[in-house]
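S.K.: Sending over a structure as structure tokens; questions will come in a sec.
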Amino acid sequence: MGKFQVISHPLIQHKLSILRRTSTSTKDFRELVNEIAMLMGYEVLRDLPLEDVEIETPITKTVQKQIAGKKLAIVPILRAGVGMVDGLLSLVPAAKVGHIGMYRDEETLQPVEYLVKLPEDIDQRHIFVVDPMLATGGSAILAVDSLKKRGASNIKFVALVSAPEGVKALQDAHPDIDIYTAALDEKLNEKGYIVPGLGDAGDRLFGTK
């Protein structure tokens, strides 16, 4: 069973509180999503494998640690997931970036996939799927399905705000993946939005309605 972790660092919780506010501007919202993703990255990347490497300091030769293989991929679920990419890339700039495009049918609440663009060697990479919201879990499940169909097996899902229903759905569908979130909220409302949530992350990131 994959692990589920709420990353409750004080800085993350403080920034998340500002992010939720209706009064937060598009500019500030965008910056906060980026900052929170970067802060979460410290914990999300904790389990990366290390290997020994011989280096030379100004004083002597020594054996130190580096990330093994460096085969990482960040895969945002479009469009809102794009807002989290730069925060993680600032920590692992050599990571490749794939894209999975989906939209949610407003009547059925089911995700519809319209784009999959991934590195050719995605099956060899440690993958971090990012989306600010884990609501019903439908988009997350479909994204992981797409990755597994292409041979991927080492997958983590990273969200800013999650609903219990979405977490359970993703765990039931893919019990092997790890899930990280900055907040576990109360529930979904009748329209499938997280309560208290932060509204439509995509609209707030890009200033659309």
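Quick reminder: no glycine exception, Cβ is built from N, Cα and C everywhere.
Annotations per Swiss-Prot:
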| type | residues | note |
| --- | --- | --- |
| BINDING | Arg79, Arg104, Asp131, Pro132, Met133, Leu134, Ala135, Thr136, Gly137, Gly138, Ser139, Asp200 | 5-phospho-alpha-D-ribose 1-diphosphate binding site |
| BINDING | Ile194, Gly199, Asp200, Ala201 | uracil binding site |
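What does the local environment look like for each feature on the list?
M.R.: Under the DSSP three-state reduction, Arg79 (5-phospho-alpha-D-ribose 1-diphosphate binding site) is assigned to coil, being neither helix nor strand.
Cβ neighbours of Ala201 (uracil binding site) (same chain, under 8 Å, six or more residues apart in sequence): Val33, Ala80, Gly83, Pro132, Met133, Leu160.
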S.K.: Out of Gly137, Gly199, which of these binding-site residues shows the lowest number of other CB atoms within 10 Å of its CB?
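M.R.: Among the binding-site residues Gly137, Gly199, the sparsest Cβ neighbourhood within 10 Å belongs to Gly199.
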S.K.: Quick check: of the binding-site residues listed here (Ala135, Gly137, Ser139), which one has the Cα closest to that of Ile194 (uracil binding site)?
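M.R.: Looking at Cα distances from Ile194 (uracil binding site), the smallest one goes to Ala135.
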S.K.: Could you check which of the binding-site residues (Arg79, Ala135, Gly137, Ser139) sits closest to Gly199 (uracil binding site), going Cα to Cα?
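M.R.: Ranked by Cα distance from Gly199 (uracil binding site), first place goes to Ala135.
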S.K.: Within the same chain, and leaving aside Ile194, Gly199, Asp200, Ala201, name every residue whose CB is within 8 angstroms of the centroid of the CB atoms belonging to the recorded uracil site, in sequence order.
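M.R.: Same chain, not in Ile194, Gly199, Asp200, Ala201, Cβ within 8 Å: Pro132, Met133, Val161, Tyr193, Gly197, Leu198, Gly202, Asp203, Arg204.
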S.K.: Give me the CA-CA distance between Asp131 (5-phospho-alpha-D-ribose 1-diphosphate binding site) and Asp200 (uracil binding site), in Å, as a whole number.
M.R.: 12
S.K.: Taking the Cβ of Ser139 (5-phospho-alpha-D-ribose 1-diphosphate binding site) as centre, how many other Cβ atoms lie within 10 Å?
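M.R.: Other Cβ atoms within 10 Å of Ser139 (5-phospho-alpha-D-ribose 1-diphosphate binding site): 27.
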